[in-house]
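Per TrEMBL, these features apply:
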- 55-82: transmembrane segment (TRANSMEM)
- 94-119: transmembrane segment (TRANSMEM)
- 131-155: transmembrane segment (TRANSMEM)
- 162-183: transmembrane segment (TRANSMEM)
- 236-256: transmembrane segment (TRANSMEM)
- 263-279: transmembrane segment (TRANSMEM)
- 327-349: transmembrane segment (TRANSMEM)
């Protein structure tokens, strides 16, 4: 136990610091107003845009961080206690049945974005077709209970936004699965070579069940896995919330509305922002919801659908796990299908 604490004390320290920060916020303590040493310093009041940015950031942060925490705990417990092989062997052999089946597997195996690429690679290494693995890779971050719940709460119970996000994700993932079936079915060179085929090349913290024999060991591993994932996804969420809040406060909603008049330009911009921020799908809805008063539904949907399917963080992970031509195909096809699905949404719904 002490050896484990010494090995992971940095993760534990970061978790405790973040927990203390959350406690201060949730308990209603306003350090900027109650701290005596700040009062004695006679500091001038910060500019209005900074105050607005801080308020917006805290609102996004407080609403979104619980869903990240819940998501990583559930994901870690499933990762440790549920044997994935047993679940995946239930998939039918027919691709026309297995692709829809894999699309909804995230409902029973909600995998965090940090671990979705290694899971897809491991499925292919175990002999599952590439079209099943990549369908799951695209769909699971969106079509899972945590993401559905966070989208519902972020948009104040707007089921139209929830179902729109789910339907677009289902459509894109299913079409991508069909494309992988036609272009990469039976291709033995989808993945890169790994010196240790029993492990993930770029995600060693995702351990297999065989190494965890005792309940206590599994619980300790689940706790460490939760801490690691929480800190990893939390930093992206904090960065994304900060950028979104500062951008809206500094640029101003009126300027954003003028820019949003060119709908396709703002759709591309929101997709680029989602790609660069690499937010966790458990909480990205709260960042997207902060733009509701400045732009229409299609750009927000583009952000919500494209980000979990294709972001910078996972693109780098894919380059370490799959062949270059597979990654390029995945990036190009996912981007084009997202644009096509948003266009279809505009023509049919709006």
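Any Cβ shown, glycine's included, is placed from N, Cα and C.
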Rank 55-82, 94-119, 162-183, 236-256, 327-349 by Cβ pairs under 8 Å to the transmembrane segment (131-155) and hand me the top one.
94-119
Positions whose Cβ lies under 8 angstroms from the transmembrane segment (162-183), at least six residues beyond its ends:
95, 99-100, 102-104, 129-132, 134-135, 138-139, 142-143, 148, 151-152, 155, 297, 301, 304-305, 308-309, 329-330, 333-334, 337-338, 341-342, 345, 349
